[in-house]
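Visitor: The following block contains the structure, expressed as structure tokens.
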Amino acid sequence: MKADVPPSGPPLVELKEISKRYGDLLANDGIDLSIEPGEIHALLGENGAGKSTLVKILYGVIEPSAGEIRWQGRPVAIGSPVEARTLGIGMVFQHFSLFDELTVAENIAVALSGEWSLATVRGKLGEISRTYGLALDADRAVWTLSAGERQRIEIVRCLLQKPRLLILDEPTSVLTPQEAEHLFLTLDRLSAEGCSILYISHKLEEVRRLCRRATILRAGRVVATIDPRASSAREIAALMVGNEVGEIRADAPHHPQGEMLKISQLSMPPAGLHGQALTGINLVARAGEVVGIAGIAGNGQTELFAALSGERLAERPDAVVIAGKPAGTLGIDARRRLSAAFVPEERLGHAAAPTHRLSENTLISHAATEVSRTGFILANAAKRLARTIIQSFDVRTPEGDPQARKLSGGNLQKFVIGREIIRKPRLLVVDQPTWGVDAGAARLIRQALVDLARDGSAVVVVSQDLDELFEVADRMAVIHQGTMSPLKPIGEWTKEAVGLEMLGVAQAQGGAHAV
Amino acid sequence: MTTFEAILLTIVTASTPLLIAAMGELVTERSGVLNLGVEGMMAMGAACSFAAAVTFDSTLLGVAAGMLAGTLMAALFALLVLGFAANQTGSGLALTIFGLGLSGLIGAPFVGARRDPVAPVDIPVLSDIPMIGRLFFEQDLFVYASIVLTVLVGLYLTRTRSGLTLRSIGENHTSANALGLPVRRVRFFAILFGGACAGLAGAYLALVYTRFWSPGMTAGRGWIALALVVFAAWRPGWALVGAYIFGAATVLQLHAQAAQFGVPSQLLSAVPYLATILALLLLSIRHGRAIGAPGSLGAPFVPDR
């Protein structure tokens, strides 16, 4: 069925007056939503707007407190994900539902219904990988993979089940522009084949590229159902956030000076069997500038971050020089004392301890400073610090000092970045600052990074989101298979050139502008 | 029969109950449940099997009763940790204390009774091979069963769909639930399997190893089985190696004590533990990456609905 033809039958799925209550919190409040066969329908909203709750209800993971779901006109109760899959609903989760110790093939097999053997799964996996350009090694254990690679598993796992309705939660956040375009073609094709798609994204341009209808949620309610092509990105963002979205403001000309970070000829063997080695990386970040590092997931970003933060040590002290001091063989705390700060990619588990309160989480990077003395925690100082971070960075919390895991992704990210920025570090290294974060929070985080640089610090942003890098970075380099492209002012890069560097074709073809 | 042969035979007898109990616990733990009640389930298996075997004069009925007792104990544990999402460590310790006590009560009338040895399975010709003949081809049925059990558990975990489901659930029960895998059902059967194995191990102790009942006769073997699972990094093959190293060290240190080398006997008694830890440690170092426990091990599962 073509998307242009008005559907004659009932919608594929219809949600009527769906509500979900958690104690005092109304996560979903009387939500109406209908999806036609073959339609790509966008679901937009900030983190905490109720999108995740809604799709979990649709996928049978949680039970609605009230309301009705109709599938092809008939009322259904979706009691479990198995029932959802039996109906033909597939889902790519935002927080991956993967098993770290199992291999890629096993992770896919475990979700399949019907008869299969690992050999046939491996065969199908290869087929889907080729068709949709989602490269995956069937026999690698998931714990060795980057976030981007993990997401590919989720997508392939769904496509293998030939769903009637595919729910995708932020599917492109870790893809290159080329990969994303490839995915859009896939989605267009699935849509033309009659498969409906519920597409959750914070990237408005994507939604406008793909969808004819978008439902916008704010604070658990539907605020509008619109045609995203008929509205500007700014209008849509305003509906989502509830107030006008401003551009990132960078104060006019500035003159970066003083090398806060100098990486010279940094090489490192891969950490695990499947890690990426770093070879001869050179990079300089000066006080007052934001340096962006682009690249596809799994090309050495994780290793580079570990080498910068001191989670892994270099062989030579002068491989990493922070604020003029050779720091290559120093540990994390020693580097922090040189006034460096680090925000890793995984906010829950790496940047923050999930079951610890926010005040206790300040200790992770402030241990050597004001919140502890001679080994004892200064609980009041920690609480004060947490409160300051919460206020300065607009962190929305369910209670005064909640456990880290109780925060939505965007709010926790604001907290962990705020925790580092509030120390006024002279060097900040941050890995995927706005991954899976809503538009409002992303804007605040980017503004904070730019402001920090304008105040005279050096900021290194590792990101797979090119729009983000073009927005915040003064200079940018691309990492590909553990090697770094030349660092060039942002004005000298085009998206195409970056995309080609990401794929490693730029050097091979002898020029960034070759196609 | 030479002394050497006799020693080898005792090693096999000492290792078999450890192996059987460890296999059961390994499957339970792979599903993400830590059952510290192995010692208690084993004691109940021993008491009930001995009581049934003496009462009905049947080894077969004894074994069945032992396995049933272990399974019932495990069902009680499952009710606590799955039904009420109770703390697994606490529930398991309680199960051990409860099992040790109750087994004393059940076994009390049978103190002093004896059972005849269980006849070994004699494989003709092969068992006549010098030295190793009797070791490999003239053992009781339990010994062969324990080896087959190890192989089956290994194949089950790595080669079958149901085994993959079980491992997934043990690795991450939240993801497994989101994918629609039956977390609690799988764990229920894994716990029951663990109980049946512990019961069988207890039956072996009472009916083959000692052939009498005395309170507390499990003597910490349940705990050793638990430790074996950890040091074997949740792998059936390594658990087999570990069980036999432990069994061998136990028997050899007894002989060493008898020979009076002038080493304090308490030190020699510690040798099996040290040897087992050392051997399995070496195995896991050779493997490269330190292998972690199943991701959800010990965490109570409460579905998010």
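Each Cβ is built from the backbone N, Cα and C atoms, and glycine gets one as well.
Curation does not apply to TrEMBL; its annotations are automatic.
These came from TrEMBL, pasted as-is:
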TRANSMEM  B:6-26  transmembrane segment
TRANSMEM  B:33-54  transmembrane segment
TRANSMEM  B:60-85  transmembrane segment
TRANSMEM  B:92-111  transmembrane segment
TRANSMEM  B:141-158  transmembrane segment
TRANSMEM  B:188-206  transmembrane segment
TRANSMEM  B:267-285  transmembrane segment
Visitor: Contact between the transmembrane segment (B:141-158) and the transmembrane segment (B:60-85) is defined here as three or more C-beta pairs under 8 Å separated by at least 6 residues; is that satisfied?
Guide: no
Visitor: Sort out the residues at least 6 away from either end of the transmembrane segment (B:188-206), same chain, that have Cβ-Cβ distances under 8 Å to it, and list them.
Guide: 16-18, 20-21, 23-25, 27-28, 30-31, 33, 35, 37-38, 41-50, 53, 62-63, 65-75, 77-78, 81-82, 115, 142, 149, 166, 212-213, 217-218, 221-222, 225
Visitor: With Cβ distances under 8 Å as the criterion, find the stretch in B:33-54, B:92-111, B:141-158 that has the most pairs with the transmembrane segment (B:6-26).
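Guide: Out of the listed stretches, B:141-158 contacts the transmembrane segment (B:6-26) most.
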Visitor: May I ask for the residues of the chain that lie six or more residues beyond the transmembrane segment (B:141-158) and have a Cβ under 8 Å from a Cβ within it?
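Guide: Answer is 12-13, 16, 19-20, 23, 26-27, 30, 118, 121, 166-167, 197, 200, 204, 208, 235-237, 239-240.
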